[in-house]
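Copied over from TrEMBL, here are the features:
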type	residues	note
DOMAIN	21-304	domain 'ABC transmembrane type-1'
DOMAIN	337-572	domain 'ABC transporter'
TRANSMEM	21-40	transmembrane segment
TRANSMEM	60-79	transmembrane segment
TRANSMEM	128-151	transmembrane segment
TRANSMEM	157-176	transmembrane segment
TRANSMEM	249-269	transmembrane segment
TRANSMEM	281-301	transmembrane segment
Amino acid sequence: MFSVLQNLGWFFRREKKRYTIGLVVLILVGVVELAPPKLIGNAIDSIVAGTITWGSLTTYILLIIALLALIYFVTYIWMHSLFGGSNLVERLLRTRFMNHLLGMTPPFFERNRTGDLMARATNDLRSVATTVGFGMLTLTDSTAYLTVIFVAMSTLISWKLTLAAVIPLPFIAIAMKIYGKIIHERYTEAQDAFGDMNDQVLESVAGIRVIRAYVQERNDEKRFEAITNDVYRKNLAVAKVDAFFEPTIRFCVGLSYAIGLTYGIYLVFHNELTLGDLVSFNMYLGMMIWPMFAIGELINIMQRGGASLDRVNETLNVRPDVADPAEPADVRQPDTIEFKDFTFRYPTSTVNNLEHIHLRIPRGATLGVVGRTGSGKSTLLKQLLHEYPLGTGELTISDVPIDRIALDRLHSWIGYVPQEQVLFSKTVRQNIQFGRPDAPDEIIMEAIRTAAFDQDLGTLSDGLDTLVGEKGVALSGGQKQRVSLARAFIADPDILILDDALSAVDARTEARIIENIRNKRSGKTTLISTHRLSAIEHADWIVVLEKGRVIEEGTHETLLQRGGWYREQYERQQVESNLTD
């Protein structure tokens with residue numbers, strides 16, 4: 001049950017001072033709270049004996065008020081310490097969780113659903129945070145505070161009466177152990193179901209246009225209703241067990257009161273206990289109600305926190321498929337890129353996606369990659385990002401194997417524009433500056449002109465400060481592509497990868513962008529994959545892929561002279577272009 005606290009040992013060691021102060025003060029409050037009941041009992045005995053005076057009564061009242069004031073101020077200290085720690089651990093874990101996600105490679109996100117990851121980063125971390133705040137409070141009150149009250153009742157009142165009154169306590173412990181195990185299992189299932197629901201909401205919102213286009217609103221409502229019903233049933237299963245905690249504790253507390261009162265009256269009649277002591281004892285019994293409830297809360301919180309921390313750690317314990325080398329090679333800049341008999345297969349694939357690739361790309365050269373859909377164009381270019389474990393053969397940059405180059409350095413050389421543009425819910429300016437955060441407006445405008453987006457800028461309501469919406473929903477497909485291109489151009493990378501990044505622009509705009517690339521990227525490496533052969537006519541070398549193999553390669557003129565797929569495709573596109581014109 002307390003494994004969650006053991007797993008958070010790093011945090012308690014780090015915040016040792018905070019928790020030492022908080023817990024010591026919390027126990028001190030518990031000790032101070034024992035005084036008022038005893039003072040009241042003494043006052044009652046004085047009244048019964050007829051020895052009470054206005055002076056002694058005033059003293060009792062002032063002492064009780066002073067103690068209550070002390071309790072008030074000291075309570076602030078422990079609450080600030082414990083609940084401040086709760087917020088702190090949530091922030092630390094959320095930061096660690098996000099940093100971990102940013103370091104993961106594509107295979108991780110192929111195996112994990114976004115909605116479930118969001119549930120772990122929100123609900124689960126909130127449950128874990130509760131264990132180091134309210135959980136530590138219930139742990140202290142159900143152990144130290146309960147012990148302090150028990151000792152006070154035994155030593156200040158009557159040990160016989162105390163033992164009789166606490167007879168029901170073992171039954172609470174047994175019941176809490178049974179309930180706690182069930183809570184852990186059911187809460188894990190409920191959190192998993194919540195992750196599924198999150199994922200469904202994300203998919204529905206992202207695909208709302210497709211859902212409407214195919215008139216699937218009702219079906220999507222039914223799917224969501226089924227998922228929410230599942231979440232409801234699993235949370236209800238948790239609530240059913242939760243509902244046993246309070247009645248069980250109330251029953252045992254009531255039993256303690258009945259035993260204490262009955263046996264206490266017996267002792268008073270036999271002159272073994274004064275009336276004041278009996279009143280004090282009953283007040284102490286009342287003070288024991290919260291620690292007894294705290295036992296139930298403690299089990300509940302620890303089991304929920306343990307289940308949530310297990311889910312969070314399950315994600316944090318996943319190692320990236322591609323890790324930094326232990327001793328990275330010192331490569332100052334990327335020169336020649338070379339594939340030597342390179343074969344690659346995706347982790348989820350049953351066949352090779354690239355086979356026996358031999359390719360040499362000198363620094364400053366432009367490589368064109370073409371082929372049918374699914375031929376391996378994107379797969380070939382993505383090898384330079386080193387997002388997947390390498391296959392067989394060699395892939396080197398500056399004659400250094402790519403797996404010996406630090407990932408941060410490798411990525412700092414590369415500007416990548418994927419097939420599916422990813423824009424953030426920010427302004428056009430902020431999206432472009434993502435490639436170079438400190439870029440002034442002059443540099444931004446230069447990148448925009450290179451991407452042939454300058455004319456479109458005037459049509460936007462707020463120009464550079466126009467919000468593009470979630471995933472760039474406020475822009476057209478061609479505009480999104482050109483903002484993505486400008487983001488890559490502004491970084492002026494040593495290696496520019498355009499993965500079918502001109503598919504949504506017209507032929508004239510494409511020609512302008514290609515001309516700008518040729519003029520501005522002299523001496524830097526550019527790799528372009530495309531279905532439009534006009535985009536790579538100027539390339540220094542062109543490769544044609546078919547099922548992951550290079551079936552043709554050479555310059556544009558050489559490939560036209562040889563015939564084959566390239567020439568056939570080029571002539572077809574020329575005819576289509578003439579018909580369109």
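Cβ coordinates are placed from backbone N, Cα and C, and glycine is handled just like the others.
Heads up, TrEMBL stuff is auto-annotated, nobody curated it.
A contact between the transmembrane segment (128-151) and the transmembrane segment (281-301) is present, since 3 or more of their C-beta pairs, 6 or more residues apart, lie under 8 Å. Using a cut-off of 8 Å between Cβ atoms, the transmembrane segment (157-176) and the transmembrane segment (249-269) share at least three residue pairs, counting only pairs 6 or more apart in sequence. For the transmembrane segment (21-40), the partner stretch with the highest count of Cβ pairs under 8 angstroms, out of 60-79, 249-269, 281-301, is 60-79. Mean pLDDT of the predicted structure over the domain 'ABC transporter' (337-572): 91.
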